[in-house]
Structure formats: C-alpha cells, structure tokens
Amino acid sequence: MADSSSIVDREPAEPNGGSHGAALRWSARLLVAASWISGAIFATYILAFFGGVALGGAADRWNESLPDLYEGSALLSTAAIGAHFMAGGVLLLLGPVQLIGSVRDNVPGLHRWLGRIYVISAGLAGLGGLGFILGRGTIGGPLMDTGFGIYGALMVLCAAMAYARARAGSYDEHRAWAIRLFALTVGSWLYRMEYGAWFLASGGIGTASGFTGWFDAIMMFFFYVPNLIVAELFIRARWRDRGAVASFAAASVLLAATAFIIFATWSFTARSWGPRMISGLTDAAL
Ligand code: HEM
C-alpha cells in the first residue's frame, strides 16, 4: 500500500507564488491539524464513554447519549451498534496517520498494518450500523434509515475497494478509494460539527427531538454527500497558482473554518464529550 504520492502533504511542484502561496498552504495545514485533533478528541470520548461503561457492566448508559441504543432484549442489534462504536473510534484515530506521506514512504510496513486494521474497522463500523438499522431502525425513522443505510453501504464498498486495489498493486486507484473512505469516516465527526454550527447560527431552526425537522432531514445525507464531492474534486485536482487575491480569500475561509472547529470542539468537549469521557472511565454519575 506504499505509494509515493502524499495526500495531505500534496503540494504543487513549485511553491505557489510567494507570501500568498505560503498563506494558503499554512492555513490549509492549520485546518487539517484542527480537524485531526478534534476528531481524536471525539474518538477518545467514544472509546472512553461507550467502551468504559460497557466494560463496567453498565452498557444501558449508552442511552444517555441517544435513546434506545442499548436494548438488553435485542442482543444482536445492541452488539452490532456496540461494535460500530469501537470501530468508529479506531477509524477516527487511525485515518490521519494513514494519510501522512512520510509515514507511508519511510515505514511502509506500518502503513500496511494500520491499513488492514483501518479497512476491518470501516467494515465493522458500516456493517454494525447497518445491522442496527435492520434490527431496530434509527431514531429518525425511514428517511434517516435510508440516509445512514447508504452511508454504511458506501463505507463498506470504499473499504473493500481500497483493500482490493492495494492488493492488486493499482496504487492510483487505491489512493482514490482511500480518499473516498477517509471522506466518509470524517462524516460522523462532521455531523456533530455541522449541527453545532447550525445551533450557533440559527438556534436550531428546523430541528426536532425525534430528528423530524426539515434541517434534520437534510442532515441525514448532508454529512457525507458534500465530503464525497470534495473527495472527487481532490482526486482530480491539478494544483496551480490562482493569484494573490484568490489565495488570500481562500486562506481566510480556511482560517475561519479552523476557528469554528476549535470553538465547536471546545464547546462539545466542555459540555458533553469531556464529562462523559470522565464518567465512562471512573463510573461517576453525570
Ligand atoms: C467513523 C465512523 C463512525 C463513528 C465514529 C460513529 C459514531 C457514532 C456514535 C458516537 C453514535 C452514538 C450516537 C451519539 O452519541 O450521537 C452513533 C450512532 C449511530 N451510528 Fe454511527 N458512527 C460511525 C459510522 C457509522 C456508519 C458507517 C453507519 C452506517 C450504517 C452508522 C450508523 C449509526 C446509527 C444507525 C446510529 C444510531 C442512531 C439511532 O439510534 O437512531 N455509523 N455513531
């Protein structure tokens, strides 16, 4: 799986013109770093809370996050969603490492082993989520079942293709499927960020407790469809200098997105992820 092209380090052969090129590159790196740190905090929360309370024999506390995640009389679908939690946490932690070009080039054996764990985790997250949908259905009903069902099926497809293309030695295609898979896995994290942004901007217009609002309906697909479009553009992108005004404008947008992610992560961590993380590990009530 060790191809020489880097995904996150991919830059133009010649540095883009002077200060505006540097501003764009550094703002892109800042955005990537903020997203990775935020995703890692979300993953740590998932592993500590959902894993911690289950190990402590109190898996029914999953329902403090969303009603009916744990159902003692439906062991199969409960086990499926539990496996999906653990696999999802692993995906968010491992994804960034797989994208670092220098790791792939210098330690290809590590890239291959982490790649196998990543692909198995993606399969488990997708199949576990699908098992839960088939067994019990989502809180939001048929539309949410459809949106999340397609999400799960796409994740399994991309994981299988990324693995198969690597085994076949087709590294360009492997890279393309791996980028698609990564775009899907960050969707679960982006879902929370996008809701956070919406509540901040509108106070939650179009949302309802059973996910029956019009904004909820859009979000059932919006957390992965745009990411896939960006991934397709990225796979086909040819880098070139677009001039100072466009570069500074793009850098400003990236910096604004970074600032928002830092704010949203701090807010989620202070209000929800942090206290639940501690509660999952120490068994303390919230
Ligand atoms: C990186 C991958 C993933 C992560 C980190 C993740 C994380 C989570 C978490 C933390 C929850 C609990 C609800 C909450 O606390 O908000 C959840 C619920 C759920 N996830 Fe995922 N997930 C991932 C991928 C998937 C995939 C691929 C599917 C597709 C089938 C899926 C389907 C579901 C379903 C159906 C629920 C329950 C919703 C309900 O109760 O109605 N997830 N996920």
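Just so you know, glycine gets a Cβ as well, placed from its N, Cα and C.
Marked as region 'Disordered' by TrEMBL: 1-20. Per TrEMBL, the feature transmembrane segment maps to 30-55, 75-101, 113-134, 146-164, 176-193, 213-235, 247-268.
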Contacting positions for the transmembrane segment (146-164) when only residues 6+ beyond its ends and CB under 8 Å are counted: 115-116, 118-119, 122-123, 125-127, 129-130, 133, 138, 173-174, 177-178, 180-181, 184-185, 187, 220-221, 223-224, 228
Region pair the transmembrane segment (247-268) / the transmembrane segment (30-55), three or more CB pairs under 8 Å: yes
Distant-in-sequence neighbours of the transmembrane segment (113-134), which means Cβ under 8 A and at least six residues beyond its ends: 1, 76-77, 80-88, 90-91, 94-95, 97-98, 145, 148-149, 151-156, 158-160, 162-163, 166, 181, 184-185
Intrachain neighbours beyond the transmembrane segment (30-55), with Cβ under 8 angstroms and 6 or more residues off its ends: 8, 61-62, 65, 82, 85-86, 88-93, 95-96, 186, 189, 192-193, 254-255, 257-258, 261-262, 264-265, 268-269, 272-274, 276-277, 279-281, 283
